[in-house]
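Presented below is the structure to which this report refers.
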């Protein structure tokens with residue numbers, strides 16, 4: 001029978017490799033491969049899949065947007081995902097330790113840590129608001145259903161009344177003739193209204209101030225929910241991947257149960273088909289618009305979590321011979337399929353709401369916090385047993401957020417533990433996890449003030465925007481051109497038992513860096529100062545946003561100059577060359593995997609890196625020869641002699 005071109009992976013490991021030699025007892029591994037896949041899915045599938053992708057899709061040509069979206073997935077998303085997974089898995093190190101590959105570029109790892117810190121701070125605030133809404137939904141009547149609450153204004157106009165007008169207008173129109181009533185309804189429908197859900201969000205939950213510099217007071221209910229959120233994250237990570245790997249069986253799968261329940265409920269509603277058509281109807285002329293391609297590339301890049309450091313960290317806990325090539329394809333496709341599926345869920349409900357209000361779907365469609373905490377909750381008030389659907393929706397948001405937050409926190413903790421590396425800190429990783437959680441909570445307190453939403457959106461727009469693109473581009477250049485693509489391809493072959501497919505080799509070297517550069521150019525060209533509804537951010541706050549964005553990028557040149565100055569050599573070029581060379585510790589973490597180029601001095605490792613199966617066969621042949629010699633040559637005391645000279 002003809003041999004297949006590469007090994008078949010069983011349970012994530014290459015056949016012939018004893019399982020015990022793949023275990024990193026000091027650092028730890030995933031309990032099994034399902035835990036890693038579920039954790040990575042939970043990390044990649046986040047709030048953006050629900051509140052950003054559907055909006056981008058309908059804004060950029062509906063079904064036509066799917067074409068550039070999947071093109072970018074194939075040529076940029078999956079290759080970058082595979083690159084980061086293989087990078088972390090090969091070295092079994094977090095986002096700092098992996099840069100032994102070229103120490104001068106360790107600043108890229110520090111940049112990833114800075115980005116993960118920013119995202120971790122505001123992401124947990126979003127989760128805590130979802131907690132707040134979840135607790136508020138535990139009632140017979142959702143508090144944002146009507147306009148008769150103390151926080152409502154005279155302009156409030158609820159939807160749970162005849163044809164979307166409030167009771168006062170309804171009483172007036174009843175006294176008018178039919179024709180006049182129809183005119184009044186039409187005028188009200190065309191008038192921009194303030195919904196009870198919007199007023200609940202602004203005037204009750206946030207009690208939003210009038211300016212980003214006016215912090216006001218801390219919203220104690222939100223602060224309490226933030227504490228709950230951080231405690232949940234800490235408890236799930238208390239034993240690192242050993243505990244989080246068990247939690248993700250629920251947090252990564254149950255959102256799909258909720259999405260399916262909401263989808264089934266949504267498509268049975270009147271007007272749902274209109275919403276879905278609005279979401280999917282192709283506008284093919286928009287394919288020629290560069291902005292559509294830019295949005296598709298950006299969404300793929302940010303949605304998969306590239307350059308955050310989380311992918312490298314999660315992969316570092318894999319067994320050395322795990323098939324991360326297969327994993328990268330599974331996780332990337334699952335992430336994008338979830339985005340598309342969530343669009344059906346969102347727009348079926350929004351279509352129903354638009355039908356109820358007799359307005360266009362575009363008037364109720366929104367994205368970001370506006371969709372999650374205003375538009376969708378308002379639509380839920382129209383459903384029978386609305387508190388039940390509200391509980392399910394916000395529970396889904398909580399789980400989606402926690403899946404990402406687990407990896408963000410683990411990224412920081414792993415980087416700290418790997419960098420210090422002492423036995424004490426490895427044994428007391430829980431203490432580090434608790435310390436990082438406490439610091440994250442304290443840094444999130446300003447976001448629970450009355451100006452908190454302004455700062456949250458500022459961080460969301462600037463802290464993890466073009467800086468991620470720059471970090472990812474430099475990572476590709478370092479691995480492919482500074483370290484060398486041929487050496488890296490051999491590293492992957494040694495790890496997986498087969499070389500990376502030629503498609504990925506071409507993408508890593510040429511296609512993906514070009515697309516990343518395109519995303520960066522697109523981001524700069526399309527830049528617009530951030531606004532929140534009608535509020536325009538002042539110049540000083542935008543300057544802070546740019547400083548946050550640059551704080552992660554600036555780590556790269558600063559550390560590079562530091563490393564060059566500390567490297568050996570008499571001239572600048574000599575120091576530059578030495579700082580780019582791989583560290584002596586670069587390579588597989590366990591000694592049994594350090595073969596070929598990575599063999600320790602005095603070992604029998606060959607210089608040439610060969611496929612794992614070939615090395616195993618040659619090792620078996622050598623053992624057989626030694627056994628034959630030991631049977632024929634015996635020492636005087638009966639012991640086996642391995643010396644084949646006549647004097648033996």
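Placement of Cβ uses the backbone N, Cα and C atoms for every residue, glycine included.
Matching 108-135, 136-163 against TrEMBL, the residues noted as transmembrane segment span 108-135. Which of 198-219, 220-241, 572-593 counts as transmembrane segment depends on TrEMBL, and there it is 220-241. Residue with the densest Cβ environment among the recorded positions 44, 156: 44, by other Cβ atoms within 10 Å.
Rounded to a whole number, the C-alpha distance linking residue 156 (disulfide bond) with residue 49 (Na(+) 2 binding site) is 30 angstrom. Taking CA atoms as the reference points, residue 49 (Na(+) 2 binding site) and residue 147 (disulfide bond) are 31 Å apart. Counting only same-chain residues 6+ beyond the ends of the transmembrane segment (108-135), those with a CB under 8 A from a CB of the stretch are 47, 94-99, 205, 221-222, 225-226, 228-230, 233, 307-310, 312, 369, 372-373, 377, 390-391, 394-395, 397-398, 401-402, 404-405, 408-409, 411-412, 415, 440-441, 443-444, 447-448, 452, 455-456, 459-460, 463-464, 467-468, 471, 474-475, 478, 548, 551-553, 555-556, 559. For the transmembrane segment (300-317), same-chain residues at least 6 beyond its ends with a Cβ under 8 Å from one of its own Cβ atoms are 24, 27-30, 36, 39-40, 43-44, 46, 48-49, 52-53, 69, 72-73, 76-77, 80-81, 84-89, 91-95, 97-98, 109, 112-113, 115-116, 119, 241, 324, 332, 335-336, 339, 404, 407-408, 410-411, 414-415, 464, 468-469, 471-472, 475, 516, 519. Long-range contacts of the transmembrane segment (430-456) within the same chain: residues 117, 120-122, 124-126, 128, 206-209, 211-219, 222-223, 226-227, 230-231, 233-234, 237-240, 369, 409, 412-413, 416-417, 532, 535, 537, 541, each at least 6 residues beyond the stretch ends and with a Cβ under 8 Å from a Cβ of the stretch.
Annotation: stretch 36-54 has the most Cβ pairs under 8 Å to the transmembrane segment (388-409), among 36-54, 66-87, 329-354, 462-483, 539-562.
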